[in-house]
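Participant: Pulled from TrEMBL, these are the listed features:
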- 26-50: transmembrane segment (TRANSMEM)
- 41-291: domain 'G-protein coupled receptors family 1 profile' (DOMAIN)
- 62-82: transmembrane segment (TRANSMEM)
- 102-120: transmembrane segment (TRANSMEM)
- 141-158: transmembrane segment (TRANSMEM)
- 201-226: transmembrane segment (TRANSMEM)
- 238-261: transmembrane segment (TRANSMEM)
Amino acid sequence: LAMLNQTEVSEFILLGLTDIQGLQHFFFISFLLLYLTSLLGNGAIVTMVISEPRLHTPMYFFLGNLSCLDIFYSTVTVPKMLTGFLFGHQPISFGGCLAQLHFFHLLGSTEAVLLATMAYDRCVAVCNPLRYALVMSPRTCLLLAVASWSTGFVHAMTHSVMTSQLRFCGHNHIHHFFCDIKPLLNLACSSTSLNMTLLNVVTTSIVLGPFTLIVLSYLYIISFIFQRVRSREERWTPFCTCAAHLTTVALFYIPVLFNYTPPSSGSSPKRDVQVSLLHSAVTPALNPLIYTLRNQEVRSALKKTLGRKL
């Protein structure tokens, strides 16, 4: 209650993506299809990883985690955005706004750390295959997954607590389709310098820390392959096993590096919206496709799972 007493503004209005009527219907159908694709695709992968014993390996355990993240990630923002397309500007309470901000950053930062964990997994698989089962034991995998989710939780908690301390009076229109940190900081009437510093320092380290680990893992894999593997065909095999992960990393990181690394003050709100859209609607729908198209094991397990259902 103390939080709410400080705020003169008790709700915000999400202005969404566009006011143009024709575009709203087009966007509604497009994003609804993407959202359903994301739910079905990621849901199928989670079901498969749980029910298919052959997929009870570290790589698929992390993939299952990634699919869970993607389901939640799109659910945090897309349904509210879809109602905006149908009914115009969406009111959201102060508490609802903070919850949306919290979960978006919890899931985003967890995904960053999880992708680094998956890079480490690929690195051990390619460079140390004989000790792979020992290094990536079920206990280690569980610890790495818990560490990913915990890092995400602490990161998001920092932002939600800091944002809840701000005072909002007057303007309550958010030029975005969900409550993100930067649009909220622009509306605050108390000082946001500490929040801005936090956004630059903490979020940048959450983005760049795992990214550095991923780059180092792949540099190690590449140097290992070129030193140890002689024939060209054999060199190609490890790259194929890493292709899906690399594609997911590119989809996740290229927009993020543009969006959340400093100078935060200099980036345009329009670009922030586009990047968030990619993350919350497009990437979660693409990830299952990337993993199933490239992967024989997943494809055959999917057929088996669907066969059982039918």
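Using N, Cα and C of the backbone, Cβ positions are placed for all residues, glycine too.
Note: TrEMBL annotation is automatic and uncurated.
Looking at the shown structure, what environment does each listed feature sit in?
Facilitator: Restricting the average to the domain 'G-protein coupled receptors family 1 profile' (41-291) gives a pLDDT of 87.
Within the chain, the transmembrane segment (62-82) has long-range Cβ neighbours (under 8 A, six or more residues past its boundaries) at 14, 16-17, 28, 31-32, 34-35, 38-39, 41-43, 45-46, 49-50, 90, 92, 100, 103-104, 107-108, 110-111, 114-115, 117-118, 121, 141, 144-145, 148, 177-178, 248, 276, 279-281, 283-285, 287-288, 291.
Below 8 angstroms of C-beta separation, residues 59, 62-63, 65-66, 69, 72-73, 76-77, 144-145, 147-149, 151-153, 155-157, 159-160, 178-181, 203, 206-207, 209-211, 213-214, 217-218, 245, 248-249, 252-253, 256, 279-280 of the same chain, each at least six residues beyond the ends of the transmembrane segment (102-120), sit close to that stretch.
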Participant: Quickly jot the same-chain residues contacting the transmembrane segment (238-261) by Cβ under 8 Å, restricted to those at least six beyond its ends, or write none.
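Facilitator: Cβ under 8 Å, 6 or more out: 66, 108, 111-112, 115, 118-119, 122, 125-126, 199, 203-204, 207-208, 211, 214, 218, 221, 225, 229, 267, 271-272, 275-276, 278-279, 283, 286-287, 290-291, 294-295.
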